[in-house]
Structures are given as C-alpha cells and as structure tokens.
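Feature annotations, reproduced from TrEMBL:
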REPEAT    54-87  repeat 'TPR'
REPEAT    122-155  repeat 'TPR'
REPEAT    190-223  repeat 'TPR'
REPEAT    224-257  repeat 'TPR'
REPEAT    258-291  repeat 'TPR'
REPEAT    292-325  repeat 'TPR'
REPEAT    326-359  repeat 'TPR'
REPEAT    394-427  repeat 'TPR'
REPEAT    428-461  repeat 'TPR'
REPEAT    497-530  repeat 'TPR'
REPEAT    532-565  repeat 'TPR'
SIGNAL    1-28  signal peptide
Amino acid sequence: MSAAPMKLTLKLCLIVLSMCFLIGCATAARTGNGARSIPSLPTEERRPAPVSKAYAHYIQGLLLMRENDADGAISAFKKAAEFDPDASPIHVQLARAYLVQGKGEMAAIEALRAIHLNPDDSDAHLLLGVIYAHQGRYDEAAEHLISVLKTYPDNIGVLNSLAEIYETKQDLYKLIEVYRSIVDVRPDLEWVRNRLALAYIKVGSFDRAEAELKKTLELFPDYAEAHYNLGVLYELREEPARAIEQFEKVLVSAPNNVEARKKLGVLYASQEQWEQAIAQYEALVRQRPHVINFRKALGLLYLRSGRLDDAREQFEYSIEKDPNDATTHYLLGAVYQEQGDLDKALEHFAHVTAIDEEALRAYLKLGLLYGEKNMPGMVIEALQKAIDLGARSEPVYLLLGTAYQQQQEPEKAIAAFEEALRIRPDSAIAHFRLAVLYEEQDRFENAVEELRNTIELDPDNADALNYLGYMFAEKGENLEEAGDLIRRALDIEPDNGYYLDSLGWVHYQQGDYEGALEYLERAIGNIEEDDPVIREHIGDAHLKLGNPDKAREQYERALALDPDNDAVSKKIEDLKSAAPEPPNNPAP
C-alpha cells in the first residue's frame, strides 16, 4: 500500500457508514461530559419545542440518507443543529452525509464538533479516523481509531482500519499487535492470520510466521495464499526443497497461479533441476504465450540444458516481437556460438552493441569470437571498447596481448601481458607469453626469468619446461639443466615430437651425436606434419657422424619445407663444394 494519501470514494463512505451503524446509534442515547443528545420522548411530559423540532429534522435526515439523498439529509441535519447545536449525534450524521458527497474536509469539521461536544463519541472518532487516513494524516487517524477501540475493543472493522494504517506506515510491530487482537476475536479469519504471518516475515520473525501459517493451514488446508507465503518463508530461509513443496501445493488448488509457477521455475533452476524448471516455464508460456519474459526465461533454460534448437525458437520469437531487445540478441548470439555458427553469433552480439553502446559483455564476446576467427584487428577493437567500459581482467589482457602479437606489434603485446600480471601476478600464462615475446626480441635474460617464473607457478607446464631447455640448448649453455628440463616435459608428454627434438639437440650440443640422432629420428616419427627444423637437426647429426650424403638428403628435405631458409641453403652448397669431383674416365 502506498504511503500517499488515498482518494476518498463513495464505496469507502458507504463502508464507513456501515461500520458506524454496526457500532450502533448508542451515542444518540448517550450523554457524557455535559454534552447533550437527542433524548427519548418522556412518557408524561412533552418535549421542549426546540428539542422536539431538532429531533424531527434529525429523523428526516436519517430517512433521506436511507434514500441516498445526501443533499436533502444535509439540509435536514443543519436545521436540526439550529434547534439543538449541542447534540453531538446531529454533527456525526452531518459528517456522514458530507462524507457520502466526498467532502472530506467538511466531514472532518463536523466530526470534530461532535468530539468537542462529546469526547467519547465513537462514531465521530471513527469517521475522523477514516477521513484522516485518506488524507495521509496517519498518526491522527490511528489516535481516533484507538479511541473507538476503547469502547469497542473487539470491533473487527475498526481493528482492520487501524491495521491498514500501520501497514501503510510500515509500523510492523504495531501492525502485528493489531492483527493479534483480531485473531483473538476471530480465529477463523484466514486472511488475518495470513497477513499476521507476512508481518512476522517482514520483521524477521520467521519461526512465528511459520507457526501462524501452519495454524492457518490446519484450519484451511487448501488456502493457496498461505501455502504461497510459507513457500516464500522457506525460500528466505534458504530451504529450497521445502519451498518447492509449498509452491507445488499452491498449484494443486490454484493451477493457474502465475507467481507460484515462476517461483518454482526459479527454485528448480537454482537446484539445476533443469527439466522441472523447464516444465514450469513451458506451462507459463502456454498460459501467457505473449509474455516475452517467460519465453526468454524458457529459452535460457533450454540453452543451459543443451536444447539449442528449442532455445533458438524462443529467442527468435522474442526478437520478432521486440527487435531491439538487447538481452535476447545476446542470448541468441550465445546459442549460435554453442552451435558453432560464429558468423550468426557475431551478427547478434554486434546487434547488442548497436542497441547499447555500453554492453560490456557483448564486446567481450565479440573479442573472443573474432579471436576464434583469427581476426586480430577486430579482437583489438572489441577488447579496447570493453576495457574503456571497465573490463579489467587477466583473460581480457591475455587475449588482447595475443592479438597484438598476431598483428606483429610486440611492444603493445608486452604491455598487455604486463597489465595481465598487474591484475594477477601469479598468472603462469602471462609469464609464459612474455617469455616468448622476449625470446623473439633476443632479450634472452628476460625470457629466461619469465620462463623460470612460469615453471615456479606451474611446475607441470610442459611447454615452458621444453621452451627453457631448448633455449639453453640453442645457446649451448646450462646443458645439464636443459636436459633435466626437457626430460620433465617428456615425463608429461612422452610422445611429443618437438620435446624429443629438443632433447636430441641437447645431446648434439653435448657432443653425443649418436644419442642425438636417436632422439631426432624418434621426433620426426612423432609429429603429424613434417618439420624443417627437425630435418635440419637430423642433417647436422648425420654430418657430425660422417654421413654427408644423408646429411645433404635431410637438408634438401628441410629446404623443400622452408624454401627461404638461407642457412640450410648454405649447408647444402657447402656439402656440394666439399664433395669430390666424379672421376673423368675418357672413352677408350
């Protein structure tokens, strides 16, 4: 209920009049504090003329009110007041008539006059309480209603009006007190018990709320609203199984209860009970097929459970109804991504950014997918936008650095990987990527440092172990350590041809050419595609072992794989130059 003053309506006026009638017209026969009332006719003497005339007009006014003639009634009550201005019941009835006309201020004035004449006039207090409540003067309204309850403590209508005031003010403890009073009088009013339980929930008295709702359900087992609120209570107490049980009971008596189905769908999804969640949202879509949010939720559940075609159907329906719904475009992009249709996925993620230029997640998706399509320039553009929007994470800078590396922009790549390390200093991947860049720039010591960092953080990183070992082998340095590092890599991947090549090259640098040749030949047999570096290494080993022809054969195969390798071309030329001239045997 809003805290704004409520508009007075004719229906409300009639309710007030009914409540006053229930309280009774006892005030018409009551006097108090010197106030005068309309007396009964004496049996042995006649009324004084003014009082008698007041009584006549008063009765006329009541009759006119019964005929719904508020204007005539007001005129009659005013005449009655002229003859007997100190009779509080006349002013009460005049206030009622004004209230029927929607004249709240005039009604309040007359009710106040009645209270001035008779401070114990419950009808006047009730009228003024209701008027003030609808003017937003809640404290004053409550004060007058409490005055009524002093005389009529069990009046349900007055108690309920007071409860509505406290609910509007969110004075929950007073609200609980009033509802408890109503329950004491009428324990059979299920709606009161239900509201009492809700008030307990709001103040965090979950045990009392549970007790009240259970008592309600003992009296009214099929009361759907109590089952619903008990489900909400269990949900707040993080007892999903019990909450689900209550919401399911709601649907037994109220199968079209949308809120209960929504609750069930969310709860089942939170427990990863996808099929049960899907069943609830399928029912919601059948009930309300045009509610887009239900279709989006159902599509998301289909997506999470791997039913991609069903998910796409729901999202495409939603897009048809609202082409500029960025969320649905995003979800549809996710479906196409899962289905491997990267072009369609990119189309929808791009649509998201066209609708919302600050759609951070969409830019991240674009960066990732452009990376999969090997479009580093587009990766950079998308990720820079994401970073401008606040995306600062290790994976973002790793992907950005990789894109710069592909674009042959090493300094920008290094800056990106260094930023990744500022965000996450223990990122083994970032250390390794930096090592590769440093090695490519001939920054040997920096590369070694970053590779050692990588191995310290990730001792089973076979690529880093092999990379550092091979770097040492190429330099002819730390060969014992190089061999140990590469053997550790081979313990992890024993059939990796490139690791076998590295170990073969360590043996070569140590002068063990036969051992080198053994590992190098194993290496060439464990790679899917022929490799010019390994062929060159085999050639070098053969040459050291005094097999120039075999060496030349391997060099020629290496050159065929890498025609621009000048070093291999020179080795072939050197072998040709060193080969003895074939004998010149003239014909006899």
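Any Cβ shown, glycine's included, is placed from N, Cα and C.
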Tertiary contacts of the repeat 'TPR' (428-461), as residues 6+ beyond its ends and Cβ separation under 8 Å: 394, 397-398, 401-402, 405, 410, 413-414, 417-418, 420-421, 467-468, 471, 475, 485, 492
Within the repeat 'TPR' (428-461), residues counted as helix, strand or coil by DSSP: 27 helix, 0 strand, 7 coil
Non-local residues, at least 6 beyond the ends, that sit with Cβ under 8 Å of the repeat 'TPR' (532-565): 497-498, 501, 504-505, 508, 513-514, 516-517, 520-521, 523-524, 571-572, 575-576, 578-579
